[in-house]
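Here's what TrEMBL has on this protein:
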- 971-987: compositional bias 'Pro residues' (COMPBIAS)
- 988-1003: compositional bias 'Low complexity' (COMPBIAS)
- 1030-1043: compositional bias 'Low complexity' (COMPBIAS)
- 1187-1204: compositional bias 'Basic and acidic residues' (COMPBIAS)
- 1217-1230: compositional bias 'Polar residues' (COMPBIAS)
- 78-174: domain 'Ig-like' (DOMAIN)
- 180-267: domain 'Ig-like' (DOMAIN)
- 298-386: domain 'Ig-like' (DOMAIN)
- 391-478: domain 'Ig-like' (DOMAIN)
- 484-571: domain 'Ig-like' (DOMAIN)
- 575-662: domain 'Ig-like' (DOMAIN)
- 684-779: domain 'Fibronectin type-III' (DOMAIN)
- 781-877: domain 'Fibronectin type-III' (DOMAIN)
- 881-977: domain 'Fibronectin type-III' (DOMAIN)
- 1053-1145: domain 'Fibronectin type-III' (DOMAIN)
- 1-31: region 'Disordered' (REGION)
- 767-794: region 'Disordered' (REGION)
- 959-1003: region 'Disordered' (REGION)
- 1030-1054: region 'Disordered' (REGION)
- 1187-1286: region 'Disordered' (REGION)
- 1156-1177: transmembrane segment (TRANSMEM)
Amino acid sequence: MCPSGELSSVPEAHVEQLETARPQGLGSGERGLVPRMARQQLPPWAQAAFLLLFLLSLGGAIEIPMDPSIQNELTQPPTITKQSVKDHIVDPRDNILIECEAKGNPAPSFHWTRNSRFFNIAKDPRVSMRRRSGTLVIDFRSGGRPEEYEGEYQCFARNKFGTALSNRIRLQVSKSPLWPKENLDPVVVQEGAPLTLQCNPPPGLPSPVIFWMSSSMEPITQDKRVSQGHNGDLYFSNVMLQDMQTDYSCNARFHFTHTIQQKNPFTLKVLTNHPYNDSSLRNHPDMYSARGVAERTPSFMYPQGTSSSQMVLRGMDLLLECIASGVPTPGIAWYKKGGDLPSDKAKFENFNKALRITNVSEEDSGEYFCLASNKMGSIRHTISVRVKAAPYWLDEPKNLILAPGEDGRLVCRANGNPKPTVQWMVNGEPLQSAPPNPNREVAGDTIIFRDTQVSSRAVYQCNTSNEHGYLLANAFVSVLDVPPRMLSARNQLIRVILYNRTRLDCPFFGSPIPTLRWFKNGQGSNLDGGNYHVYENGSLEIKMIRKEDQGIYTCVATNILGKAENQVRLEVKDPTRIFRMPEDQVAKRGTTVQLECRVKHDPSLRLTVTWLKDDEPLYIGNRMKKEDDSLTIFGVAERDQGSYTCVASTELDQDLAKAHLTVLDDQATPTNRLAALPKGRPDRPRDLELTDLAERSVRLTWIPGEDNNSPITEYVVQFEEDQFQPGVWHDHSKFPGSVNSAVLQLSPYVNYQFRVIAINEVGSSHPSLPSERYRTSGAPPESNPSDVKGEGTRKNNMEITWTPMNATSAFGPNLRYIVKWRRREARETWNNVTVWGSRYVVGQTPVYVPYEIRVQAENDFGKGPEPNTVIGYSGEDLPSAPRRFRVRQPTLETVTLEWDHPEHPNGILTGYTLKYVPFNGTKLGKQIVENFSPNQTKFLVQRSDPVSRYRFTLSARTQVGSGEAVTEESPAPPNEATPTAAPPTLPPTTEGEGAGGAVSSTDAAAATEATAVPIIPTVATATAAAATTATTAASATESPPRSTTRRKAQESAPDEPFIWNVTVFPNSKWANITWKHNFGPGTDFVVEYIDSNNTKKTVPVKAQAQPIQLTDLYPGMTYTLRIYPRDNEGISSTVITFMTSTAYTNNQADIATQGWFIGLMCAIALLVLILLIVCFIKRSRGGKYPVREKKDVPLGPEDPKEENGSFDYSDEDNKPLQGSQTSLDGTIKQQESDDSLVDYGEGGEGQFNEDGSFIGQYTVKKDKEETEGNESSEATSPVNAIYSLA
């Protein structure tokens, strides 16, 4: 018994066993006698073993086919087909439905129990049962409370052959209680401290979904620092000032009522040492220290302590959670003691704070720990996981349909933790209280039936349970006595094309299960083996149809009650083939074209020939004539050009051929596309046939075509597959021209189609018509993808790529790739993911670290071999600054630079960039840029003059760009006074750009200007120096004039017209451009420049108009520039890139808050106070302040101011004071003082000289001083008084 596609079948081994256990014709009731007699002769110790062998020998049960005629005729005990879930939660606003449906013959009746007691539906007007169903309907339209009907329900379906039971259905009414009213005080917390906002939602049924929002219904942004726990609480690993910007309200969404309840919002008050919430600090690399928040080691907010335990049921999801506080925010990593995390089931959630393992099994029990770490330290929490299990089926009992006298068994085998107990029932009653049945024997989880009779029909229930749940299964035992019956139409006709594969079906039914045999033409032995294969359901497959396979096939089903047979007539038809195909043609417009299409087909089949143009159905108009073997086109027009396809089809198969028609104008010379193929090439091979079909090989045979007077030297066998590259033909193998049959080696799981091309010395033939398709069976891949690489495309990722495998290496369906990776140094557990493409991007990687990568192929048949490990790297970033940057000046002519490689290269170093600029006092020279190889760590600078110093800025480069720079200055030259004014600070520059500098198209080392500012050495005695120091704040000297020297490369103008030495002098909003050229004197030029937004502008330049100025530029914008003659754009300069300087922004710290400035001001104030005290003391004594006599302060011989002893400069009125501040536009502004010491002199015109004396008294009232000068000693001057005090 086994209808095709509907019935399960009995294995042939079991049929043969049944046949050999009894003589042909004996009743089935005798089948059990042999083993019973044998068991009586065995010793007791062997009877248990024989019983086990007997149980294994029992055959499968009969299954009723879905044929309505069979279903309506056969009696059957009840079977539950639909029921409500065990935990049935209902909406209190709707009517209650408790489902219970069953089938059986006769139709079953239904009744219910509630809380294990009979539920009388007739007594409750609200309760009704649907017609022809056991489904309960409880109607509340007329009132009533749904809570009154809560309880445990069970449905019973009964007919005269037994009773089936539903699960025990626990009915509960959904609840969505209101949130208790509460007033929440503001939560006060110190910035950087941890915080937990508790939700505590009202208990609902089912539990509500929790989410946090503000009172204005804006969602709370969650990240690594702020996140919601599984219990609904909101955790802050550390509180920041920005957290005060919103309030926090916990929301509960209830499933059945579709309502959302909102808790009163929490408001935060954050105490901070940095009251300003500067948004720029959020992305600060050290945000916490910038805000004055103390860093601290991690500690766990949930769960508490160092260890905890958790129990989970098998098949459920295990959710482990660790939430930690700390500054900076700690990261969480998960591990399992003694093994790896189950990569195929584990995934991380909530920013790595939760580990979810799906579909837990016993192997997932053990100890897991989470590691919370930041730069201050790390802690761990261990979670002991125990996996228990509610009962689950190992062998669920199945319906058992037997013939009278047959033996059978019901098996109810389940497992769980703890081990579940098994209870058998029959028709809803415990088996112990049921009437005894001598044909039934209970052996633990198995019921054995021997010599079953019609009276044995019943429904058995198996209930297996432990403390975590239960399973209930119904299985009926039905005894049927049905002779064989055929289920398909009789005397079917099957027509099949030669060399194809076909299958003959013969669905049948009977009890006992009949045996089925096939015969051909009513004679011969049973058909099986060789070219025939009989499936378990009785279908007969013929692997390759040949002419001799035509005939009448008979299937015969037999059991002890009789036999039934059916016949199938098989006719073999010749294939349809186009033997004269249309050829490519080239025709003039207006001529007539004929495309041939001659077809050979089976004469018993109706042939239809149709034509397609450009793969669309061709409309046959007045200019076309379609005949059986050709298509004629009269008066060819241009619209007729295209591809024409001849399709020859019958009811069973089709063949097609394609040709291309090219239409030429009258003036064009026609060329035939086939003219390049000379006559004499061989005709195509034909009649391809596949034989000797095996799993990994097949024999291909063909008939050679005509060689056209040139012997065939070679055959090329090509194949095509329809999965990866359908329609694309690949070379498979080549064979000598003397053979016409070859064995082809095949790959697993490829649907092959072959064709053959013949080759002689003239050329190659057209390909043969394709063979039939042949699919090989699948297997696991034997190789893995090649060219596996791991490269970063961004600084925090790594892209893994590989070359995908082709059809002949896939070996099975659903080819995919298991990508594994892990950090090389850390030797951490492998991460893995399954990918169907040829790339995968790993995110959140550290900067430029090596990874071990493996890519393994897998299909539905299994995995490929273990892949090789490839080393890849995550993305690069900017490098750190070079270490130990040392500047030495061994001689006055050279400066030596040395440095070490960066501590953190963050990638592959591509070189170093050195920028240096000479300076002397406030004067700056031209910036020079040097680029070095990554191995160079030394450089020698030739000084342009002996008095200038240099400021060097050095940075390392990776493929991403230049990293952090380190700045050093050259030491002051020996025997040289240090300038009183501090050297100016260089503005930030980029390569090719300087503060007021130029960008040139020539070599930077050869054509960069260097400005030398010579320092005028000062020669003075110690006394004079002391006097100068005391008056620095009130005097100033003019900066020496700038002297410029230029180093130029040896330049020679090229012979051909050329533009070179393009130089750009950029400012913030303009730039001056100069260049050199060897064009004629009247040549006009065009300056073309493009900004960062790809906006192109051009400026026409008249001849001899250099330099020109570009205006309306944007500060801080990068531009590219080139110059070309107006009448010849093809001759252009090299492209120059420059950047305008940024607009001035005072991003420096306030000088008034700097410690050094406060200390300097205090020292000056103290000095002035002492001066005032000495002055008042002197004035109270009536003394004067004579200047130091010229003879006391001898001047150097080179001093030109020796005439009057004043040391005054001739342009003193125009000089800025030392210590004056520089304005934004570079001018010098004098700082006025309200308490100048001039006020304490006797003349209003008094002023300080460079030696600290009052030149006003010395020059304006010279006569008076000459008479009074002898009255005062040198020790009484204010300055000398200060020195005497010191």
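Any Cβ shown, glycine's included, is placed from N, Cα and C.
All TrEMBL annotations are machine predictions without curation.
As the structure is a computational prediction, the values presented were derived from the model and not from experiment.
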Segment proximity, the domain 'Ig-like' (575-662) to the domain 'Fibronectin type-III' (684-779), 3 or more C-beta pairs under 8 Å: yes
When counting Cβ pairs under 8 Å to the domain 'Ig-like' (391-478), the leader among 180-267, 484-571, 575-662, 781-877, 1053-1145: 484-571
Stretch with greatest number of CB pairs under 8 Å, the domain 'Fibronectin type-III' (781-877) reference, 78-174, 180-267, 298-386, 1053-1145 candidates: 298-386
Among 180-267, 575-662, 1053-1145, stretch most in contact with the domain 'Ig-like' (298-386) (C-beta, under 8 angstroms): 180-267
Helix, strand and coil residues within the domain 'Fibronectin type-III' (881-977) as assigned by DSSP: 0 helix, 52 strand, 45 coil
Mean per-residue pLDDT computed across the domain 'Ig-like' (484-571): 88
Within the domain 'Fibronectin type-III' (1053-1145), residues counted as helix, strand or coil by DSSP: 0 helix, 42 strand, 51 coil
Residue counts (helix, strand, coil, in that order) that DSSP gives for the domain 'Ig-like' (391-478): 6 helix, 52 strand, 30 coil
